[in-house]
Amino acid sequence: NLVQFSYLIQCANHGKRPTWHYMDYGCYCGAGGSGTPVDELDRCCKIHDDCYDEAGKKGCFPKMSAYDYYCGENGPYCRNIKKKCLRFVCDCDVEAAFCFAKAPYNNANWNIDTKKRCQ
């Protein structure tokens, strides 16, 4: 779910950037999304959005699905999840968290005018 996803982000980036920095970034980080991603981090958000869309097509509820995960020194991972939907959603979130941690953060792409830049 979205709360767990925020913890996974913090785990993957070792607390270097607050989760709220990703809530209004580029064209895809945050609610909705359209156009071409503005950079690598925004592409991570689009991939995560697409993953959640795929989860929805499978009958899952990604924004509300609670799963078991662990935050280790090498980052987050999904723990012993047998239910397919929960595993799928957890994998979406873990992959995105690592993607966020690797991607550079460009302050100029935070809180952009999406009507102009995301067509």
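Quick reminder: no glycine exception, Cβ is built from N, Cα and C everywhere.
Per Swiss-Prot, the features are:
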type: DISULFID; residues: Cys11-Cys71; note: disulfide bond
type: DISULFID; residues: Cys27-Cys118; note: disulfide bond
type: BINDING; residues: Tyr28, Gly30, Gly32, Asp49; note: Ca(2+) binding site
type: DISULFID; residues: Cys29-Cys45; note: disulfide bond
type: DISULFID; residues: Cys44-Cys99; note: disulfide bond
type: ACT_SITE; residues: His48; note: active site
type: DISULFID; residues: Cys51-Cys92; note: disulfide bond
type: DISULFID; residues: Cys60-Cys85; note: disulfide bond
type: DISULFID; residues: Cys78-Cys90; note: disulfide bond
type: ACT_SITE; residues: Asp93; note: active site
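Annotated features taken from Swiss-Prot, shown on the structure.
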residue : record         : DSSP class
Cys11   : disulfide bond : helix
Cys27   : disulfide bond : coil
Cys44   : disulfide bond : helix
Cys78   : disulfide bond : strand
Cys92   : disulfide bond : helix
Cys99   : disulfide bond : helix
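Under the three-state DSSP scheme, Cys51 (disulfide bond) falls in the helix class.
The Cβ centroid of Tyr28, Gly30, Gly32, Asp49 marks the Ca(2+) site; residues of that chain outside this set whose Cβ lies within 8 Å of it are Cys27, Cys29, Ala31, Gly33, Cys45, Lys46, given in sequence order. Comparing Cys29 (disulfide bond) with Asp93 (active site), their Cα atoms are 13 Å apart once rounded. Using a 10 angstroms CA-CA radius around Cys99 (disulfide bond), the recorded positions that qualify from Cys11, Gly30, Cys45 are Cys45. Nearest by CA distance to Cys118 (disulfide bond), out of the recorded positions Tyr28, Gly30, Gly32, Asp49, Asp93, is Tyr28.
Ranking the recorded positions Tyr28, Gly32, His48 by Cα distance from Cys60 (disulfide bond) puts His48 first.
One residue stands out among the disulfide-bonded residues Cys51, Cys78, Cys85, Cys90, Cys99 for having the most other Cβ atoms within 10 Å of its Cβ: Cys90. Most other Cβ atoms within 10 A: among the disulfide-bonded residues Cys44, Cys118, that distinction falls to Cys44. Proximity to His48 (active site), judged by a C-alpha distance within 10 Å, picks out Tyr28, Cys92, Asp93 from the recorded positions Cys11, Tyr28, Gly30, Cys78, Cys92, Asp93.
The secondary structure of Cys85 (disulfide bond), as reduced to three states from DSSP, is helical. Look at the disulfide-bonded residues Cys11, Cys29, Cys45, Cys60, Cys71 and count other Cβ atoms within 10 Å of each Cβ; Cys71 has the fewest. The recorded positions examined here are Asp49, Asp93; by Cβ neighbour count within 10 Å, the least packed of them is Asp49. In this structure, the C-alpha atom of Asp93 (active site) lies 13 angstrom from that of Cys71 (disulfide bond).
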